[in-house]
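Sequence annotations record features per position, and here Swiss-Prot assigns ATP binding site to G170, D171, R172, Q173, T174, G175, K176, T177 based on sequence analysis. Sequence annotations record features per position, and here Swiss-Prot assigns site 'Required for activity' to S363 based on sequence analysis.
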Amino acid sequence: MRINPGEIVKVLESKIEGFKEEINLNDVGKVIQVGDGIARAYGLNNVMANEMVEFVETGTIGMAFNLEEDNVGIIILGDYKDIKEGYTVKRLNRIMQVPVGEALLGRVVNPLGEPLDGLGPIDAKEYRDVEVKAPGVIYRKPVDTPLQTGIKLIDALIPIGRGQRELIIGDRQTGKTAIAIDTIINQKGKGVYCIYVAIGQKASAVARLVDKLKQHGAMEYTTVVVASAADNASLQYIAPYAGCAMGEYFMYKGKDALVIYDDLSKHAVAYRQLSLLLRRPPGREAYPGDVFYLHSRLLERAARLDDKYGGGSLTALPIIETQANDISAYIPTNVISITDGQIYLEPSLFYAGQRPAVNIGLSVSRVGGAAQVKAMKKVAGSLKLDLAQYQELETFAQFATELDPATQAQITRGQRLMELMKQEQYSPLEVEEQVAVLYAGINGYLDDLDVEKVRDFEKRFLQYLKENKSELLKQIRETKDLNEELENELRNAIEDYKSEFVKMYGK
């Protein structure tokens, strides 16, 4: 057998051409200290701020938080008990991402997007970076569509628009979460996807909340992101950004989303803990100097996009817990200055039975007024004035023995309107129902009823409208306005039912 040297050369050449030498270069470091959810590593010379790293021996993920001259401070996103000194850390060359999309609806997840509800793995088709730049002014348009909370007092006096940031602030146990949950329940059938982020709460409280959402059929369009009090500070720190990324997915798809951060006080405390452990210099109330930026970069991501960019929206309802009514503390003042208004809840009102316990004088919505439907604008305009005058006169009336008839009439009207502002939890009202009830209140139809009978009248009147005047409600809902014809029809309906109510139940 004769071997042809030319053939051998060809075979060798083809083999050499197809040969690729793969050098797997990885920037690695060694753990020099670990504890309290923090690790310090020597090496990782080219690691970038907020880049993901992996502890090779355990597979645990971390994030490069502090870049110092001779070491890197890493926050550990998960269990740190098994990580020991001398373990290897490698760069992952990416920043943190979470799964997003409709696969997450109806699920309870941790800030890394891992399921906590025992319903199996999440089949997410897309991932989004947790930290992204907020859309610029060019990409936005003014807030012009209402986000109905279903709560009369808020929709009439402190209206929220899609794309707005409205702070809910108050002491513990004043009904802050209740407002947020009612808002989620009220989005049923309105095409708004909801993300509820629980930061530093008891796991049992979150479980009860998820159960309530299931009872009202609200989990179908809601994702719950949980970093409970038992979780590391690092997971509590990342949770709101992860929830925001999940909401942004819908916004950039041209849809409407609502994200609730409950609450950012605990978020700031978690960030303070991480910063102090990493020896960053403390400032006021021991918070680091960039705690304002911590919340501003999160809340600026809420926006109403211009139609050219899909016209989607992301509405943010951050919650802040105050200590002893002190809204002039560091974190409350920061978040008040970032948001487009606040709903201030007061313990004294709450314990007096005025629920939702909103202080109308200190609460404001800076952009939502433009988004109110015309029908609501017509009834809410004089409502604000009536209540403001009533609150002014109420204090004065306590000292005065004799009041002139005009003052007495204003106080009478105010008392009935305040009673009308009360609302049960988990019972949001449609906008046309709110308009009908408030119209009766501001036009004096309730002035001669006992204050105790106002809520009974409201309940029965709404039932009467649904059964006998459904066409009227439908027209208000569809036209979003209260023209002369509809107003006359509504007035007649109120008068008819009132005479019936007085006959049956008295004044």
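Backbone N, Cα and C define each Cβ position, glycine as well.
Sequence features, as recorded in Swiss-Prot, placed on the structure.
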{"residue": "G170", "record": "ATP binding site", "DSSP (3 states)": "strand"}
{"residue": "G175", "record": "ATP binding site", "DSSP (3 states)": "coil"}
{"residue": "S363", "record": "site 'Required for activity'", "DSSP (3 states)": "coil"}
Number of other Cβ atoms within 10 Å of the Cβ of T174 (ATP binding site) across all protein chains: 26
The one of R172, K176 whose CB sees the fewest other CB atoms within 10 Å, among these binding-site residues: R172
Near-site residues: ATP, ref G170, D171, R172, Q173, T174, G175, K176, T177, CB cutoff 8 A to centroid: E321, L345, P347, F350
Length of the line joining the Cα atoms of G170 (ATP binding site) and S363 (site 'Required for activity'), in Å: 11
Binding-site residues listed as G170, G175, least Cβ neighbours within 10 Å: G175
Distant-in-sequence Cβ neighbours of D171 (ATP binding site), under 8 Å, six or more positions away: E321, T322, Q323, A324, N325, L345, E346, P347
Cβ neighbour count within 10 Å of T177 (ATP binding site): 19
CB contacts for S363 (site 'Required for activity') [other CB atoms within 10 A, all chains]: 21
In the chain carrying Q173 (ATP binding site), residues 6 or more apart in sequence that have Cβ under 8 angstroms from it: P347, F350
T177 (ATP binding site) to S363 (site 'Required for activity') - Cα separation in whole Å: 17
S363 (site 'Required for activity') and R172 (ATP binding site), Cα-Cα, nearest whole angstrom: 17
